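In what follows, a single structure is set out as structure tokens and then discussed.
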Protein chains: 2
Amino acid sequence: ICIPSVDFFSSAASFMMSAENAALDFSHSGKVSRCYEEYSSSSSSTSRAAGMNGNGPSKLVDPLEDPVPGLGTYEDFNTIDWVREKSKDRDRHREITKKSRQSTVALLHSVSDAFSGWLLMLLVGLMSGALAGGIDIAAHWLTDMKDGVCLIGFWFNHEHCCWTSNETTFQERDRCPQWQSWGELITGTSEGAFAYVVNYLMYILWALLFSFLAVILVRAFAPYACGSGIPEIKTILSGFIIRGYLGKWTLIIKTITLVLAVSSGLSLGKEGPLVHVACCCANILCHLFTKYRKNEAKRREVLSAAAAVGVSVAFGAPIGGVLFSLEEVSYYFPLKTLWRSFFAALVAAFTLRSINPFGNSRLVLFYVEFHAPWHLVELAPFILLGIFGGLWGALFIRANIAWCKIRKSTRLGHYPVIEVLVVAALTALVAYPNSYTRMSGAELISELFNDCSLLDSSQLCGYKQVQPSPPSSSVGNSLADRPAGEGLYTALWQLALALVFKMMITVITFGMKVPSGLFIPSMAVGAIAGRLLGVGMEQLAYYNHDSFIFKGWCSPGADCITPGLYAMVGAAACLGGVTRMTVSLVVIMFELTGGLEYIVPLMAATMTSKWVADAFGREGIYEAHIRLNGYPFLEPKEEFDHSSLAVDVMRPRRSDPALAVLTQDGMTVGEVEALVESTHYSGFPVVVSPESQRLVGFVLRRDLLISIDNARKRQEGVVSASTVVFTEHALAQAADAPPPLRLRGIMDLSPFTVTDHTPMDITVDIFRKLGLRQCLVTHNGRLLGIITKKDILKHMAQIANRDPDSILFN
Amino acid sequence: ICIPSVDFFSSAASFMMSAENAALDFSHSGKVSRCYEEYSSSSSSTSRAAGMNGNGPSKLVDPLEDPVPGLGTYEDFNTIDWVREKSKDRDRHREITKKSRQSTVALLHSVSDAFSGWLLMLLVGLMSGALAGGIDIAAHWLTDMKDGVCLIGFWFNHEHCCWTSNETTFQERDRCPQWQSWGELITGTSEGAFAYVVNYLMYILWALLFSFLAVILVRAFAPYACGSGIPEIKTILSGFIIRGYLGKWTLIIKTITLVLAVSSGLSLGKEGPLVHVACCCANILCHLFTKYRKNEAKRREVLSAAAAVGVSVAFGAPIGGVLFSLEEVSYYFPLKTLWRSFFAALVAAFTLRSINPFGNSRLVLFYVEFHAPWHLVELAPFILLGIFGGLWGALFIRANIAWCKIRKSTRLGHYPVIEVLVVAALTALVAYPNSYTRMSGAELISELFNDCSLLDSSQLCGYKQVQPSPPSSSVGNSLADRPAGEGLYTALWQLALALVFKMMITVITFGMKVPSGLFIPSMAVGAIAGRLLGVGMEQLAYYNHDSFIFKGWCSPGADCITPGLYAMVGAAACLGGVTRMTVSLVVIMFELTGGLEYIVPLMAATMTSKWVADAFGREGIYEAHIRLNGYPFLEPKEEFDHSSLAVDVMRPRRSDPALAVLTQDGMTVGEVEALVESTHYSGFPVVVSPESQRLVGFVLRRDLLISIDNARKRQEGVVSASTVVFTEHALAQAADAPPPLRLRGIMDLSPFTVTDHTPMDITVDIFRKLGLRQCLVTHNGRLLGIITKKDILKHMAQIANRDPDSILFN
């Protein structure tokens with residue numbers, strides 16, 4: 001969403017997350033690898049080879065005994081090697097299991113290691129739930145602060161302030177003498193134009209103050225705290241490293257600025273950023289457990305669960321959260337993670353419920369209960385809402401991406417603080433006069449989802465009372481369809497204006513340098529549209545109950561159309577159009593209503609919305625922002641649908657110089673260094689000899705440099721003329737020659753290879769499923785070239801007629 | 001569950017599922033492959049190589065123009081190659097997309113192709129829902145038939161029979177003059193010992209008749225219809241081929257015999273077999289769509305969705321069904337399948353609801369609504385139930401497997417009909433006197449889950465009325481804890497006996513040659529145990545409400561303990577212990593109650609149960625049966641936790657003769673045939689020359705034999721002395737030599753390779769994630785050996801100290 005300009009990186013990265021640089025602890029097994037000539041057939045053999053074999057890449061066989069710092073770790077803005085990480089973890093696990101048979105202490109360690117994942121999940125759930133509760137309470141308080149102040153204590157929000165006064169009746173529970181609006185406080189009266197103007201000005205003032213604080217805090221302390229964070233989390237989960245993105249400063253600043261941004265009245269929600277907050281919690285808590293601190297793959301399992309936790313606390317939907325993580329965010333989601341994320345999501349939901357931020361024992365503001373079933377005829381308007389949602393989603397993504405590009409390419413991008421202040425002022429200025437834009441997004445949605453009962457005093461329920469309902473009338477009657485009255489017509493006009501305003505302001509708001517979620521604004525747009533259509537249908541049914549459409553199921557006095565359900569379907573459709581979520585969205589909505597009954601309308605609308613939006617472009621908003629920022633993300637959902645072969649994608653191309661390779665013996669340290677210096681590749685294949693091009697293994701640039709550097713410093717006799725040996729047994733050499741530098745330990749002995757004829761769809765599948773960083777290409781057993789993840793992304797960009805150089809990182 | 005003895009195979013397979021042998025349609029692109037020397041750097045090139053590249057393996061380059069029948073298909077009891085199948089489908093898709101730009105007809109074809117998946121899902125949902133409804137109604141009717149008959153029409157079941165008589169009051173709605181028990185009908189009175197004996201005898205008689213019909217039908221027409229089918233479906237979904245297992249005869253016979261088996265009163269359920277029935281529906285409907293008929297991988301996607309449908313209709317839990325398929329059954333479950341299975345599961349659930357088999361607008365017999373919340377203290381008994389469930393699960397699996405082994409190895413296995421009759425007679429004999437065993441499993445569970453209200457007349461609600469509750473008392477009071485009365489004590493004794501009986505009889509029932517599900521019997525055991533504990537807790541709380549445990553939350557007159565909830569938790573724990581399901585089980589139960597409130601107890605019990613059961617053995621009942629039957633199933637959940645290398649597992653072993661390879665040119669047809677004849681390998685690597693051992697490709701035995709056979713018949717001049725050429729350009733040869741046989745078209749040009757140093761955990765991961773059938777092993781670029789899925793399974797069996805030869809199939 002918001003890539004901080006480059007000058008930020010140095011300042012931000014330097015003082016954040018030093019803990020993440022913790023060096024890996026390398027265990028040494030000291031076993032030698034076996035080569036072909038001496039392989040044994042004993043399958044139960046436990047002798048181990050170096051290289052990819054677990055500890056391998058992080059181990060120097062000889063003569064160094066100390067681990068080399070930095071070996072086996074990754075640089076910032078690089079992609080991890082999933083296979084290596086997972087293998088490392090399996091090795092660790094095997095080691096612990098083996099030891100556990102020897103002593104009781106080791107056994108206890110093994111048990112605690114096995115349960116540490118669950119403990120971590122518990123902590124993540126508790127911490128995220130508590131933070132979400134805090135954010136809810138603080139945002140509620142600050143939002144009310146814009147309107148007025150509680151005289152008995154400024155720390156009470158409007159509702160709590162009036163709770164303490166028992167004199168108010170049910171209808172007027174939000175009007176009590178203890179709560180005074182700013183106008184009332186300053187002018188002494190709550191009526192009149194002057195008080196209104198004072199209220200208006202104070203509203204704008206507070207909005208400006210909150211948004212200014214938010215953007216300044218983000219800029220000063222944690223540039224990564226802006227945006228929703230979901231595109232970056234998707235990228236991180238796919239194996240990319242962005243140091244500090246999930247660090248403690250980001251967490252602290254994001255939590256504070258999220259409250260400020262939501263309270264400032266900007267058209268943004270807190271739901272997306274809650275996912276980021278939960279992931280920060282998880283990442284920080286990972287440092288408590290060696291198993292997760294030291295392994296990038298294991299940590300990503302925890303982060304996947306944390307994404308589920310985020311949605312669970314945002315919507316009070318644990319199952320929906322897990323499916324969201326599975327469907328939308330995660331890259332590698334084993335079944336174990338499914339179970340654990342479910343556990344964490346539940347813990348978080350119950351923590352939030354016991355904090356009870358809304359004072360109603362509910363997890364969310366917009367819990368709904370509908371009473372009337374829907375009729376098959378209503379599927380038509382529901383599908384209409386789906387089409388609206390799809391169109392809006394496609395339009396929003398295009399407009400927002402275009403606006404973000406303008407921001408990036410023009411001088412606008414240099415003044416983020418001013419941009420935020422202008423948008424905040426504009427929002428406050430336009431929003432205040434209209435009560436539906438003045439209230440917060442969540443409140444608006446809650447009101448729109450609500451089913452009108454007779455007692456309801458809200459404007460949206462301003463129906464005419466056709467027949468004085470006797471007190472003994474049945475409950476069903478009190479919800480019967482009625483003709484719209486004055487109040488409702490006013491509400492409809494306001495809603496229509498609110499719709500246009502929300503649609504426009506959201507486009508320029510999402511992507512600013514403050515924490516901003518997209519769920520609530522998108523749902524608000526859909527809910528307004530849905531409610532408008534719902535009321536329209538209701539009136540149509542009321543005045544035409546004899547027409548062939550309504551005859552038979554919608555007699556006068558019956559409650560046949562529920563405008564609240566339309567609002568909900570519309571919200572789902574719009575959110576679906578923007579994010580392209582499907583199952584998880586339906587399940588989240590199902591958990592809000594609790595009735596299987598309403599799944600079919602939701603499903604019809606979401607499905608339509610996705611199809612319509614996909615017709616205009618297959619990317620959801622998060623994928624679009626990933627592409628905008630040039631992250632190396634290999635979309636797991638989309639099929640690679642082109643008939644190119646591995647040979648078309650690999651480097652070197654025909655016109656390029658030959659592939660830079662190392663030979664397994666015969667090169668000197670000086671030659672190796674010169675080769676590494678002259679190229680920018682992140683790894684080098686090792687071959688038997690330049691003539692045969694038979695592949696032996698693969699060495700990472702970083703490991704190679706660190707090892708040579710370390711050897712030069714700490715190992716005697718290693719000079720530029722020393723030979724570098726990757727074979728197991730060094731060749732005999734002249735007595736006066738310097739001792740050889742043996743680097744078999746850092747070589748990956750099992751590099752992945754494909755043949756040059758392998759179709760790219762299969763290659764892409766391999767990259768995705770195994771989480772590779774690079775893959776070597778052979779022809780008839782001879783090394784031919786190399787394909788990296790970046791090569792694939794560039795190739796895909798080229799096929800889609802996009803600029804292949806938009807892929808920024810490796 | 002039940003592997004028919006070998007003589008069945010021939011008779012069964014021959015007349016079933018001839019449609020499944022439909023040959024594949026091969027399209028020819030006629031493009032030549034490119035080798036290294038001529039590769040072009042244009043990455044947007046669309047020229048295509050032969051070989052694995054999509055149509056490749058199913059294409060003979062020249063001179064034949066007709067497709068060779070059978071090429072690219074699989075033999076029975078073989079494993080499919082997922083990569084090849086998926087690649088084939090992508091090719092097909094590309095072809096259609098390319099054509100769709102040319103004409104409107106092709107565009108329509110492309111659109112209909114895209115939507116055919118959804119249409120198929122709709123049909124699967126409708127058909128499975130309808131079948132499930134039919135099975136429910138028929139089973140209900142036949143079960144009642146054991147008790148008596150409806151005088152106004154024998155086709156009414158007990159409930160429907162009495163619906164037509166309006167004279168009965170609410171309490172006595174199941175007693176009406178129209179319905180007469182057999183004793184009443186024959187002796188003329190419903191009282192007395194004679195009538196009881198007649199009823200007893202008729203009950204046993206009907207049970208024997210139903211079970212006899214069931215086992216005879218299964219034996220005569222569809223041996224695959226027995227058991228629950230889930231182990232086999234898991235194996236099929238992992239890529240194994242068992243022809244006829246999902247055929248139309250299996251469907252018809254399974255549907256009929258399932259009704260008979262359930263009605264016979266045997267301790268079995270219809271829920272597991274419903275998954276098999278839904279998968280049969282899906283497989284049969286796949287034949288309507290070319291896309292799914294001709295592609296084994298695509299068909300398995302549909303089958304995964306069908307498994308979700310099966311659970312959805314069994315428990316009325318669409319979301320739980322999808323998670324069941326994801327967690328328990330499926331092997332390859334892309335996100336697209338998630339969305340589609342959700343759709344199919346919903347359609348099926350709504351079809352079932354509109355059939356309304358239970359007459360209560362509910363999808364299941366045991367829908368429950370609890371009123372009281374649970375207290376934290378109650379977690380202790382819930383965890384106790386979890387431990388019970390885990391122990392029972394582990395015990396059941398051991399006992400059942402032991403019994404199945406006895407059946408297999410002794411003469412018992414030769415008399416399946418007599419076995420079924422004896423067990424049915426025993427079950428009926430013991431079950432009839434006890435009302436809790438006499439009723440069907442689902443009814444029992446429904447009764448145990450039920451919360452007692454004051455009006456409830458069932459024995460389980462036989463509490464003493466401590467205080468005459470005034471009619472104006474609040475609703476909460478009517479559910480208050482009360483001391484147990486006579487009726488309840490009788491019920492508890494009966495339940496305890498039923499528990500012992502159910503536990504024993506289920507062990508010998510599951511695995512007989514009738515359709516038999518395990519869900520209901522397992523849940524029944526747990527529900528009984530849970531209810532017993534729940535009533536115990538309730539009485540404890542009633543008499544000790546002042547003790548420190550209950551003080552503060554359980555005052556007299558309050559409804560603090562809900563025995564029904566304990567039954568539900570117990571049911572989940574036992575089912576979890578037997579099947580090791582976790583998330584899906586909790587979600588299924590959640591969908592039954594509809595309250596997030598009760599997830600925590602369910603989760604605590606399920607988690608405990610899984611951990612306890614795992615301590616005794618990590619296999620669930622389905623995995624145990626897969627192993628018992630020797631299916632080649634690579635468990636995706638379990639980590640391979642051993643440090644062996646690829647070189648330890650590959651063939652040939654040290655003492656074996658060298659690997660049988662083909663050379664890319666220079667071998668004659670006769671030599672190739674001799675080589676193929678002399679070995680039993682299912683495929684052969686092709687190398688440049690025997691000396692260099694540089695790998696070129698891989699040829700499947702079946703494809704090789706079919707091609708040579710075909711060429712000999714249809715191509716002129718192909719004799720034993722003809723050379724077989726796998727290169728692109730044939731070498732110059734003597735003018736009088738017979739024309740060469742060019743087989744590059746059937747060669748897989750992109751075989752998967754790993755190095756000999758690759759750790760087996762990584763290799764297993766590759767096999768699982770990519771769905772490989774075999775993988776070649778190289779050392780420094782030279783071919784060394786081959787690893788097949790069977791080799792891996794044998795290796796794993798060896799590590800676990802099991803007989804490696806128990807892996808039967810390939």
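Count begins at 1; order follows the chain as displayed.
Positions of Cβ are set from backbone N, Cα and C atoms, glycine also.
If you check TrEMBL, you get these features:
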| type | residues | note |
| --- | --- | --- |
| DOMAIN | A:650-714 | domain 'CBS' |
| DOMAIN | A:747-804 | domain 'CBS' |
| REGION | A:43-62 | region 'Disordered' |
| TRANSMEM | A:118-142 | transmembrane segment |
| TRANSMEM | A:200-225 | transmembrane segment |
| TRANSMEM | A:246-268 | transmembrane segment |
| TRANSMEM | A:274-290 | transmembrane segment |
| TRANSMEM | A:302-326 | transmembrane segment |
| TRANSMEM | A:376-401 | transmembrane segment |
| TRANSMEM | A:413-432 | transmembrane segment |
| TRANSMEM | A:491-512 | transmembrane segment |
| TRANSMEM | A:518-537 | transmembrane segment |
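Proximity of distant same-chain residues to the transmembrane segment (A:118-142), defined by a Cβ-Cβ separation under 8 Å and at least 6 residues beyond the stretch ends, is recorded for 155-157, 159, 210, 255, 258-260, 262-263, 270, 274, 277-278, 281-282, 285-286, 288-289, 292, 302, 305-306, 309-310, 313-314, 340-341, 343-352, 355-358, 440.
For the domain 'CBS' (A:747-804), DSSP puts the residue distribution at 23 helix, 18 strand, 17 coil. Between the transmembrane segment (A:518-537) and the stretches A:246-268, A:274-290, A:413-432, it is A:246-268 that has the most C-beta pairs under 8 angstroms. Remote same-chain partners of the transmembrane segment (A:246-268), defined as residues 6 or more beyond its termini with a Cβ less than 8 Å from a stretch Cβ, comprise 15-17, 20, 131, 134-135, 138-139, 142-143, 145-146, 203, 206-211, 213-215, 217-218, 221-222, 224-225, 229, 236, 274, 276-277, 279-284, 303, 423-424, 427-428, 431, 438, 440-441, 502, 505-506, 509-510, 512, 514-518, 520-521, 524. Note on the transmembrane segment (A:302-326): residues 117, 120-121, 124-125, 128-129, 132, 233, 236-237, 246, 270-272, 274-279, 281-283, 285-286, 292, 332-333, 337-338, 340-342, 344-346, 348-349, 352-353, 362-364, 367, 519, 581, 583-585, 587-592 of its chain, located 6 or more positions outside it, place their CB under 8 angstroms from a CB of the stretch. According to DSSP, the secondary structure content of the domain 'CBS' (A:650-714) in residues is 24 helix, 16 strand, 25 coil. Residues 19, 22, 25, 116, 119-120, 123-124, 127-128, 131-132, 135, 228-230, 232-233, 246-248, 250-251, 254-255, 258, 299, 302-303, 305-307, 309-311, 313-314, 329, 348, 515, 517 of the same chain sit 6 or more residues outside the transmembrane segment (A:274-290) yet have a Cβ under 8 Å from a Cβ within it.
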